[in-house]
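Inspection log for the structure reproduced underneath, given as structure tokens.
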Ligand code: HGY
Ligand code: MN
Ligand code: MN
């Protein structure tokens, strides 16, 4: 079901999405990692968009772009609206970016209608939601929630560059992170509009849905250390083949993630050394991403994976280490904000469907600062983290109008 209007808001949002999609670190595909040149260009472009619609905007010490418009009551606690502009590798253009541009479109629409929101509104474009480049956990949004971990500054990317140095090169300030913490009393809530990245809304023929809770995530880096050898001469029984060991470990991960319908576990990265066709692999560095809506289930699943991987390594005479670097708790969304999103959807004739989020979001961090809620937007085939990610201009328009209706209710 899509509600047709003149689609002005949807078209404006899609145009901004196209504008931002130009900024990539890899010509021919969209890759925009935290603090990269493309992130800097996208942050500058987002700053311009915010300034154009009359937001008082700046880029903060960690690279987040923040725009503020005062409300009728400047002392009233502000409403935050935002998402992220960093991406995964070979990404789609809507993940994160859509929530930022819809916040900007909503403020522009209110301003054009001469409507001064009852409370101040801040639009935020976070820069480190994907946590693909550095071993961090929602660092730029956690900073606003007063939970920035200084150890993140010493995390290194795969080229060995420390976050601290990348931040200075970006034009940020590693020493300015702590000062970004917001006073919870100054914020009434955080709203994030995001593509669903799943198939439910399409299956239900709904343009938008309301997030009930966000699944918890454990992420870890692991290493299997065997022994390089001649692929032609070392008998199979005498090998300490790191890649053969990791192949068994990947099956362990897949089996553990499959034990329940609501858990997932993924090995997304595996780097083999020395990586020659006739050399028995000596070392494999790989990653684990394990998720569940229930924290106890997630932690038990990770424990099983670790135990079984150690046993497999032992059998094969391979050394094995695994280090979790992210523990993100399952996060329920705020009931009051959910109700206001429901009322906003209903006011536009949309039946409000609740759905949980398998993907992580900055809303997990922002829930540490203030009540937080999310509106999901239907995406084609539920495809995401893939250049085929897409939404329709009609759904973008509906999402903008639901957001505006929700802002009017929450700001009042
Ligand atoms: O991985 C996630 O869930 C999100 O896309 N960062
Ligand atoms: Mn993502
Ligand atoms: Mn995202």
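Going from the start of the chain as shown, residues are counted 1 onward.
The backbone N, Cα and C atoms fix where each Cβ goes, and this holds for glycine too.
All annotation found in TrEMBL is predicted automatically rather than curated by experts.
Annotation source TrEMBL lists Zn(2+) 1 binding site at 84, 95, 194. Taken from TrEMBL, the feature Zn(2+) 2 binding site covers 95, 130, 385. According to TrEMBL, the allantoate binding site annotation covers 219, 278, 291. TrEMBL lists 215-311 with the feature domain 'Peptidase M20 dimerisation'.
Feature annotations (TrEMBL) mapped to structure.
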residue : record                  : Cβ within 10 Å
84      : Zn(2+) 1 binding site   : 27
95      : Zn(2+) 1 binding site   : 27
130     : Zn(2+) 2 binding site   : 21
194     : Zn(2+) 1 binding site   : 28
219     : allantoate binding site : 22
278     : allantoate binding site : 8
291     : allantoate binding site : 24
385     : Zn(2+) 2 binding site   : 17
Average model confidence [pLDDT] within the domain 'Peptidase M20 dimerisation' (215-311): 97
CB-centroid shell, 8 A cutoff, Zn(2+) 2 site 95, 130, 385, site residues removed: 87, 88, 91, 92, 96, 132, 197, 359, 384
Residue among binding-site residues 84, 95, 130, 194, 385 with Cα closest to the Cα of residue 278 (allantoate binding site): 385
Between residue 84 (Zn(2+) 1 binding site) and residue 291 (allantoate binding site), the C-alpha gap once rounded to whole angstrom: 21
Neighbourhood of ligand 3 - binding-site residues from 95, 278, 291, 385 with Cβ under 6 Å: 95
Listed binding-site residues 219, 291, 385, filtered to Cα within 10 Å of residue 95 (Zn(2+) 1 binding site): 385
DSSP helix/strand/coil residue counts for the domain 'Peptidase M20 dimerisation' (215-311): 36 helix, 31 strand, 30 coil
Any further residue of that chain within 8 Å (Cβ to the Cβ centroid of 84, 95, 194) of the recorded Zn(2+) 1 site: 83, 94, 96, 97, 98, 99, 129, 192, 195, 361, 362
Longest CA-CA distance among 219, 278, 291, per record bound to allantoate, angstrom: 37
Inter-residue Cα distance where the pair is residue 219 (allantoate binding site) and residue 194 (Zn(2+) 1 binding site), in Å: 22
Length of the line joining the Cα atoms of residue 219 (allantoate binding site) and residue 385 (Zn(2+) 2 binding site), in Å: 17
Listed binding-site residues adjacent to ligand 2, that is, members of 84, 95, 130, 194, 278, 291 whose C-beta is under 6 A away: 95, 130
